[in-house]
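Student: Below are the features I grabbed from TrEMBL:
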ACT_SITE  Lys206  active site, proton acceptor
BINDING   Gly11, Ser12, Gly13, Asn14, Trp15, Gly16, Phe98, Ala155, Arg291, Lys318, Gln320  NAD(+) binding site
BINDING   Lys121, Arg291, Asn292  substrate binding site
DOMAIN    7-175  domain 'Glycerol-3-phosphate dehydrogenase NAD-dependent N-terminal'
DOMAIN    195-268  domain 'Glycerol-3-phosphate dehydrogenase NAD-dependent C-terminal'
DOMAIN    270-360  domain 'Glycerol-3-phosphate dehydrogenase NAD-dependent C-terminal'
Amino acid sequence: MSDKVRVCIVGSGNWGSAIAKIVGVNAKRLDTFEDRVTMYVYEEMIDGKKLTEIINTTHENVKYLPGHKLPENIIAVPDVVDAAKDADILIFVVPHQFIRGLGTQLLGKIKPTAVGLSLIKGFDVAEGGGMELISHLITKHLKIPCSVLMGANLAGEVAEEKFCETTIGCRDMKIAKTLRDLFQSPNFRVVVVDDVDAVEICGALKNIVACGAGFVDGMGLGDNTKAAVIRLGLMEMIKFVDVFYPGSKLSTFFESCGVADLITTCYGAFFGSCAMSSNVLILFSQHTGGRNRKVSEAFVKTGKTIKQLEDEMLNGQKLQGPITAEEVNFMLKSKGMEDKFPLFTAIHRICTGQVKPQGFLDCLRNHPEHMQTFS
Ligand SMILES: NC(=O)c1ccc[n+]([C@@H]2O[C@H](COP(=O)([O-])OP(=O)(O)OC[C@H]3O[C@@H](n4cnc5c(N)ncnc54)[C@H](O)[C@@H]3O)[C@@H](O)[C@H]2O)c1
Ligand SMILES: O=P(O)(O)OC[C@H](O)CO
């Protein structure tokens, strides 16, 4: 790369907007980068005004990250090609179901020397029952190398500048420093590793496990049960990487993208507050944390479908866990391997109404992890 590095953020949802706060500040602060950072915004009308115009005048994404100012050098652009065509670094951060469509629009329209960085947690279903990593899909379609950034990073907390860590899985260590510098801040600490596929798979699979954690909360089971879900989920994540992407390192699962992301997504903060009314103490409590956990808890408590709850609870934000479970199941089924990943399989069946949430306990009880044999 020569001259100043130009950056484009492809996506402006909850995470895209939170990361724009950090990237915007760093691009302005560091001489290496061009100040102006473009952000592709999927255009929509909010109270009769275009979201891009609102962002460019008020510097707030009032729909997906209300209450937080974006740096003024973040420029919202409604056309993805206009936003991306001059960029040296393309940060992909859209819900994974939209990446194929955007890739098609960008084909042949970006700099051939550009590099990609995917913050997208999910998979793509390949023809014939296989699955493709989103970073591989970006490389295949756009002919650019693509690294990944995944971690225990609830967007709201990152936007509030609460301390956290993240993991960059970098394909080419020559650009590791540039990528690290673009994201690192006092409260967003970056560790770069070279085990790229495992980093990405951790980010995608933890969303399935988060649904399991939500079921446990919905059924009123305790923290011990949830810890079992997290542990069995982690074991299936490790096995998944071992079987389908052999050669990865166990240490990657101990980075922010692994165990730490599982914990933050499956727990989330529990906020309590109280008030006095007619001498009666009223307690209010609210679970925040990950959307997958939250919606899955409501799924058990209300009996509504995941789609209904996504529409009702998330104001346009998108769930990744249930569709990732479906994509993983599609592949496991086609390979006759559903029983090797019983937790992922049960979560998919519960999300799609094939099995009642109460059936999840049977899955935990009968998990192969408990079927030791002794000679
Ligand atoms: N939100 C988080 O806390 C968080 C943290 C880390 C990683 N992630 C991951 O980042 C990715 C993006 O998540 P997010 O939270 O920024 O998004 P989000 O859930 O807020 O999704 C909404 C976004 O999708 C856009 N959109 C809607 N329809 C579209 C279409 N047809 N084409 C293109 N875009 C469309 C909306 O305009 C909006 O920008 C996901 O893979 C997610 O798992 C999210
Ligand atoms: O809100 P979720 O469940 O999509 O999770 C958000 C992030 O992935 C947490 O790291």
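Placed from the backbone N, Cα and C atoms, the Cβ positions cover glycine too.
Curation does not apply to TrEMBL; its annotations are automatic.
Computed from a predicted structure; not experimentally measured.
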Student: Out of Lys121, Lys206, Arg291, which of these recorded positions shows the lowest number of other CB atoms within 10 Å of its CB?
Tutor: Arg291
Student: Counting only other Cβ atoms and using a 10 Å cut-off, which of the binding-site residues Trp15, Phe98 scores lowest?
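Tutor: The binding-site residues Trp15, Phe98 were compared, and Phe98 has the fewest Cβ atoms within 10 Å.
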Student: DSSP on the domain 'Glycerol-3-phosphate dehydrogenase NAD-dependent C-terminal' (195-268): how many residues come out helix, how many strand, how many coil?
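Tutor: Residue counts in helix, strand and coil order: 61 helix, 0 strand, 13 coil.
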Student: Sequence gap of 6 or more, Cβ distance under 8 Å: name the residues on the same chain that satisfy this around Gln320 (NAD(+) binding site), in order along the sequence.
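Tutor: Within the chain, Gln320 (NAD(+) binding site) has Cβ neighbours under 8 Å at Pro95, His96, Lys121, Gly122, Ala204, Asn207, Asn292.
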Student: Can you tell me which of Phe98, Lys121, Asn292, Gln320, our binding-site residues, come within under 6 Å of ligand 1 at the Cβ?
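Tutor: Passing the 6 Å Cβ check against ligand 1: Phe98, Lys121, Gln320.
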Student: For ligand 2, list the binding-site residues among Gly11, Gly13, Trp15, Phe98, Arg291 whose CB atom is within a distance below 6 Å of it, in sequence order.
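Tutor: Arg291, in sequence order.
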Student: Quick check: with Lys121, Arg291, Asn292 left out, which same-chain residues have Cβ atoms within 8 Å of the centroid of the substrate site Cβ atoms?
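Tutor: Apart from the listed residues, the neighbours are Asn207, Ala210, Thr265, Gly290, Arg293, Leu319, Gln320, Gly321.
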